[in-house]
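Participant: After the structure tokens below, expect a handful of questions from me.
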Amino acid sequence: MRECISIHVGQAGVQIGNACWELYCLEHGIQPDGQMPSDKTIGGGDDSFNTFFSETGAGKHVPRAVFVDLEPTVIDEVRTGTYRQLFHPEQLITGKEDAANNYARGHYTIGKEIIDLVLDRIRKLADQCTGLQGFLVFHSFGGGTGSGFTSLLMERLSVDYGKKSKLEFSIYPAPQVSTAVVEPYNSILTTHTTLEHSDCAFMVDNEAIYDICRRNLDIERPTYTNLNRLIGQIVSSITASLRFDGALNVDLTEFQTNLVPYPRIHFPLATYAPVISAEKAYHEQLSVAEITNACFEPANQMVKCDPRHGKYMACCLLYRGDVVPKDVNAAIATIKTKRTIQFVDWCPTGFKVGINYQPPTVVPGGDLAKVQRAVCMLSNTTAIAEAWARLDHKFDLMYAKRAFVHWYVGEGMEEGEFSEAREDMAALEKDYEEVGVDSVEGEGEEEGEEY
């Protein structure tokens, strides 16, 4: 089996975890108590969903997941919620005091007290796997636990499980709904620390998700539940190929192979379509061509940036539901002629396509309409550097005045770490810039003279 272990860190990670596992259970027909009426084989079968669920002798399906937070309230909701019987109590790990939005607390002071316990639980899950393929880590950039503890965990996972893939789903801080003033500090510190440990990171910009909820679902004041259910759909689309048999089964390493041209440039942009409310879906066709076209609209992206200003390095389209290759090829051909999609000149303009015949599922009573087909596009584009530039700018404004820095230094960090992290981010922006520059024609001419 090619198992994946999901690790949900901090409030954002845990709440997205709730949305994802709720959706996975619906997709696979697993009840809140872990029983699965449709699954006739008792014990670990060789079904695709076993990559995400382990099976006990009693026929109970348990998520291969760990929930970690440095304070108990958020995970207590899981312990008392609808799906409390689904998880093993040891999978829900809480500390006593939170990281107080402080990266240094999550990474040094409080984080180090709980890290060994967390790694121990992850080890138990890993031991149940026959062929662990990697980890999916869910966290936010802005929180103390999400930023600090995640980066500590990623460092330790690299030591313990060297070659296993680590994919991140990171919540990028949104200006509208900021939960902390120091989000830019935390984001840049965590990105710097995890950059070399993460193989691929899907960023989700809260603001972009907010706008999609407002615009496409007519929700005036979206709550975190609305946001997380939408994020859940995206995560589900990305992981569907790992959990179902499809025409093109992508495993974790295949994502990297197709989306990551250089180790540092591993931040694909995710776009999902159709996001539509039930009353609207009734009147629309939502053909393959339409949903594919929607993926190239900046309005449907998970991060606010404009790919029309950047260049693509890679592009994957993951379809699910009633989709045939003929329609997909036609849709892509149309887009290639109509849209100005610029690829970097060193990359062939191929679109990688995955089709999964399992139609998208929606949470009953949720905001999204049940549709026949959906698509999630993962593209690696130089435009995502805009997101880093925004964050770096905010970091600079505060750091120029050394605002709030004493809180970090007081928890055992050194001021040098700030400037080091900021330099690394500047280098990352530069990397993106260089990738997009056309390869120098001059080089070829000089070689010609030598011969």
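Heads up, the Cβ atoms here are built off N, Cα and C, so glycines get one too.
Since this is a predicted model, take the numbers as computed values, not measurements.
Heads up, here are the entries from Swiss-Prot:
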- Glu254: active site (ACT_SITE)
- Gln11, Glu71, Ser140, Gly144, Thr145, Thr179, Asn206, Asn228: GTP binding site (BINDING)
- Glu71: Mg(2+) binding site (BINDING)
- Lys40: N6-acetyllysine (MOD_RES)
- Tyr282: 3'-nitrotyrosine (MOD_RES)
- Ser439: phosphoserine (MOD_RES)
- Glu443: 5-glutamyl polyglutamate (MOD_RES)
- Glu445: 5-glutamyl polyglutamate (MOD_RES)
- Tyr451: 3'-nitrotyrosine (MOD_RES)
- 432-451: region 'Disordered' (REGION)
- Tyr451: site 'Involved in polymerization' (SITE)
Participant: Taking only the binding-site residues Glu71, Gly144, Asn228, which one has a CA atom nearest to the CA atom of the residue listed as 'active site'?
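Facilitator: When the Cα distances are compared, Asn228 comes out closest.
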Participant: Let me spell it out: for each of the recorded positions (Ser140, Thr145, Asn206, Asn228, Ser439), count the other Cβ atoms within 10 Å of that residue's Cβ, using every protein chain shown. Which one has the most?
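Facilitator: Checking each of Ser140, Thr145, Asn206, Asn228, Ser439, the winner is Thr145.
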Participant: Looking only at C-alpha atoms, tell me how far Thr145 (GTP binding site) is from Tyr282 (3'-nitrotyrosine), rounded to the nearest Å.
Facilitator: 42
Participant: Which three-state DSSP class does Glu71 (GTP binding site) fall into?
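Facilitator: It is coil.
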Participant: State the three-class DSSP label for Ser140 (GTP binding site), counting H, G and I as helix, E and B as strand, and everything else as coil.
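Facilitator: Once the DSSP labels are grouped into three classes, Ser140 (GTP binding site) ends up as strand.
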Participant: Of the binding-site residues Glu71, Ser140, Thr179, which sits closest to Ser439 (phosphoserine) by Cα distance?
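Facilitator: Out of the listed candidates, the nearest Cα belongs to Ser140.
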Participant: Among Gln11, Glu71, Ser140, Gly144, Thr145, Thr179, Asn206, Asn228, the annotated GTP contacts, find the widest CA pair distance and round it to a whole Å.
Facilitator: 22
Participant: Pop the Cα-Cα gap between Tyr282 (3'-nitrotyrosine) and Asn206 (GTP binding site) into the table, whole Å please.
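Facilitator: Asn206 (GTP binding site) to Tyr282 (3'-nitrotyrosine), Cα-Cα distance: 28 Å.
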Participant: Can you tell which of Gln11, Thr179 has the most other C-beta atoms within 10 Å, given these are the binding-site residues?
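Facilitator: When each Cβ's neighbours within 10 Å are tallied, Gln11 leads.
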Participant: As a test of the contact definition, list every same-chain residue at least 6 positions from Glu71 (GTP binding site) whose Cβ is closer than 8 Å to its Cβ.
Facilitator: Thr94, Gly95, Lys96, Glu97, Asp98, Ala99, Thr145
Participant: So if I measure Cβ to Cβ from Gly144 (GTP binding site) and keep only same-chain residues at least 6 apart in sequence, which ones fall under 8 Å?
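Facilitator: For Gly144 (GTP binding site), the qualifying residues are Gly10, Leu70, Asp98, Ala99, Ala100, Asn101, Asn102, Tyr103, Arg105, Gly106, Asn186.
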Participant: Note down the number of other Cβ atoms within 10 Å of the Cβ of Tyr282 (3'-nitrotyrosine), including every protein chain shown.
Facilitator: 9
Participant: For the residue listed as 'phosphoserine', what is the secondary structure by DSSP, using just helix, strand and coil?
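Facilitator: The residue listed as 'phosphoserine' sits in coil per DSSP, no helix or strand.
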